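Undergrad: Just passing along the structure, written as structure tokens.
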2 protein chains.
Amino acid sequence: MEFQIDATSQGARACTIKTAHSTILTPVFMPVGTQGTVKALDANDMLELGAKIILGNTYHLYLRPTSKLIKKFGGLHGFSKFPNSFLTDSGGFQAFSLSDNSKPDENGIMFKSHIDGSKHYFTPKSVLDTQYELNSDIMMILDDLVALPNTDERIKKSIERTTKWAKEAIDYHMEQKSKGIGTHQNIFAIIQGGTSKEFRKLSAQQLCDMSDFDGFAIGGLSVGEPNQDMYDTVEWTTQFMPKEKPRYLMGVGTPEDLIENIERGVDMFDCVMPTRNARNGTLFTTFGKLNIKKAQFKEDDKPIDACCECYTCKNFTRAYLNHLLRAGEITYFRLASIHNIHYYLDLMRKAREAILIDNWEEFKKEFYTKRSK
Amino acid sequence: MEFQIDATSQGARACTIKTAHSTILTPVFMPVGTQGTVKALDANDMLELGAKIILGNTYHLYLRPTSKLIKKFGGLHGFSKFPNSFLTDSGGFQAFSLSDNSKPDENGIMFKSHIDGSKHYFTPKSVLDTQYELNSDIMMILDDLVALPNTDERIKKSIERTTKWAKEAIDYHMEQKSKGIGTHQNIFAIIQGGTSKEFRKLSAQQLCDMSDFDGFAIGGLSVGEPNQDMYDTVEWTTQFMPKEKPRYLMGVGTPEDLIENIERGVDMFDCVMPTRNARNGTLFTTFGKLNIKKAQFKEDDKPIDACCECYTCKNFTRAYLNHLLRAGEITYFRLASIHNIHYYLDLMRKAREAILIDNWEEFKKEFYTKRSK
């Protein structure tokens, strides 16, 4: 992975990341394609939207269609036909989101498949083996993520485990690379520590000392804590992260969350929000969110967002989308998802432009002013 | 509507129909867009597929979003953004398919809305008023359709009512046209009569005597009778239909049904089969149907149909589609629907080519030979 900082503005960074499959300009939002597709869309839709990197979920893909099968098709790129970069998570987040069916111990996480109940033990090494098969451009280490609020004891255990697993992961990856496996794949560690300054500092220092990692993520946020705590934790944590490597805030968030965290030095984001919200009727616009299902849009002949140049806004009215959603037409899901992803990607493009001309403060002010109208 | 016969071959006809919105080459299959969209697809998808006419359901659109609303958007073309032709049915078929919530009498059909239980009385005139609002290019008359098998008495009543309603409809339409309403819209009558030669002849003669109709449909088939009875009924009925007007076989059918009925002189077809089957996993190919969900396709790196040039076949493998369907990904529905509609439209294009060069017998033989392999 090549990485360079192109510009900074008020703490916000504009960087360039080059992987084997694409050049990624940051700040970047990575749409989530859990099961090998971004929901309701296909590879060409993502290319049309200008996505240079999307996320796949290791846990889901390992179970179905299996990473072994995906490997036969040339990895995620060959299987899904999306030619740009993939980042794959490790399953650590699923241990949290599917906690009824998972149990971490000192050496890994035991999962009970949500598909057929079969048991699968994920270790720091096994999740890399899976990600080698998926052939993702950026692999995440297995981490031990905890819900917030939580006890100091549990958070401490989380960072201890995560550091131990990170060491195992990076040693294994360097060994594999020396054997010619995953040589073009990159690996990121994940900083844990809840919202505690002390724990975040400790986790960041321990992980960032392992200089073979290609980038560092902040994990374990956006899991129930107040927004301001998330912002404060990110602001605190980034100071312990190396400037010369990408910084990725996992699972975040709203457009406001992105703006606030870009300002705090984050380069990369992912979240199911644009696609999940689209399916529920919540659409993002320059002027804030709207619920397209509302009666007020029934006869509205305007596009979702007058400022938007996405396929959906260029072609269809709010009234038509309101009808499709109310009538239960599948067509709605694609059109709404295209719009919301375009909104997120375009916001990142505009943020980058502002950073490049050192105009962050003005950009941020305008972002909030339009939304309060 | 302009209509001309371009060529015939073994009873099969290749015709050209010009409406205010498109030039339609026959034989033509009209994809079904019940609620203002072909399920899982949008207007541009239909254009990409080369569809010159799609079908909308008057009953559904009248209830939601209402034909009044659609009129405000410039009819179905303005509302859905599909610029080519629309044919709208009358609600007569819904009296059959939603028979628990409908009751015909001598003057029309009482419907209980499947959405909110409200009552709506459809008459020969009211369904035209609705279709004027929808601004469809081809409007169908209200007909009284019965399930098969049925009693002679009930079938007789069905053709009596249908003739009476047809007379009311054509008189009303001529009157409305003289007032400048629906002047570019065309109206088709619907022949009923079950599988009885006597009743079909009677119905065809009564309706075809009303020379102001722009075309004639054969209705009330594909409702439970054996396939051969349908073919025999069509063969018998077409001899009583004028050569110089389009012939439309409603709600039919499988690829084999289309081939058999083209040979019997039918020009137009519609059916939910390609889209509904797509959603269930049944995909049409040159070599017959396949169920993409089957385990045998899990690792199949071939396209659905090696002979197919649709978007889906050019881009994605059977393995990927198998995975998307099994994983419950919405993306699957669009890709599968594109393929199946392409299959139907392409079959019609090839049928037309064969008719134009008077090669029907050879074409039909090849169609069946490939499927039996």
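Each residue, glycine too, has its Cβ placed from N, Cα and C.
Annotations in TrEMBL come from automatic prediction, not curation.
Sharing the record's features from TrEMBL:
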- B:Asp89: active site, proton acceptor (ACT_SITE)
- B:Asp270: active site, nucleophile (ACT_SITE)
- B:Asp89, B:Ser90, B:Gly91, B:Gly92, B:Phe93, B:Asp143, B:Gln192, B:Gly220: substrate binding site (BINDING)
- B:Cys308, B:Cys310, B:Cys313, B:His339: Zn(2+) binding site (BINDING)
- B:11-372: domain 'tRNA-guanine(15) transglycosylase-like' (DOMAIN)
- B:251-257: region 'RNA binding' (REGION)
- B:275-279: region 'RNA binding' (REGION)
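Give me the structural setting of these features: burial, nearby parts and distances.
TA: Note on B:Asp89 (active site, proton acceptor): other Cβ atoms within 10 Å of its Cβ, all shown chains, come to 31.
DSSP assigns B:Asp270 (active site, nucleophile) to a strand segment in the three-state reduction.
The C-beta environment of B:Phe93 (substrate binding site), restricted to residues of the same chain at least 6 apart in sequence and closer than 8 Å, consists of B:Leu145, B:Gly219, B:Met250, B:Gly251.
When secondary structure is read from DSSP and collapsed to three states, B:Cys313 (Zn(2+) binding site) falls in the helix class. Long-range C-beta contacts of B:Cys313 (Zn(2+) binding site), restricted to its own chain and to partners at least six residues apart, with a cutoff below 8 Å, comprise B:Pro303, B:Ile304, B:Asp305, B:His339.
For the domain 'tRNA-guanine(15) transglycosylase-like' (B:11-372), the mean pLDDT of the prediction comes to 97.
Look at the region 'RNA binding' (B:275-279): DSSP puts its residues at 5 helix, 0 strand, 0 coil.
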Undergrad: Measure between the Cα atoms of every pair in B:Asp89, B:Ser90, B:Gly91, B:Gly92, B:Phe93, B:Asp143, B:Gln192, B:Gly220, the residues the record assigns to substrate, and report the largest value in Å, rounded to a whole number.
TA: 15
Undergrad: Using a 10 angstroms cut-off on Cβ to Cβ distances, just flag whichever of B:Asp143, B:Asp270 is the loneliest among these recorded positions.
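TA: Counting other Cβ atoms within 10 Å of each of the recorded positions B:Asp143, B:Asp270 gives the minimum at B:Asp270.
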Undergrad: Given the recorded positions B:Asp270, B:Cys308, B:Cys310, which lie close to B:Gly91 (substrate binding site), meaning Cα to Cα within 10 A?
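TA: Final answer: none.
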Undergrad: To see if you understand the setup: which same-chain residues, six or more apart in sequence, place their Cβ under 8 Å from that of B:Gly92 (substrate binding site)?
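TA: B:Gly92 (substrate binding site) has long-range Cβ partners B:Ile109, B:Met140, B:Ile141, B:Leu142, B:Asp143, B:Asp144, B:Leu145, B:Ile190, B:Gly219.
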Undergrad: With a CB cutoff of 8 A to chain A, go through the recorded positions B:Asp89, B:Gly91, B:Phe93, B:Cys310 and name the hits, or write none.
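TA: Among the recorded positions B:Asp89, B:Gly91, B:Phe93, B:Cys310, not one has a Cβ sitting under 8 Å from a Cβ of chain A.
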Undergrad: How long is the line from the C-alpha of B:Asp270 (active site, nucleophile) to the C-alpha of B:Asp89 (active site, proton acceptor), rounded to the nearest angstrom?
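TA: B:Asp270 (active site, nucleophile) and B:Asp89 (active site, proton acceptor) have their Cα atoms 11 Å apart.
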Undergrad: Among the binding-site residues B:Gly91, B:Gly220, whose Cβ has the fewest other Cβ atoms within 10 Å?
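TA: Comparing Cβ neighbours within 10 Å for the binding-site residues B:Gly91, B:Gly220, B:Gly91 has the fewest.
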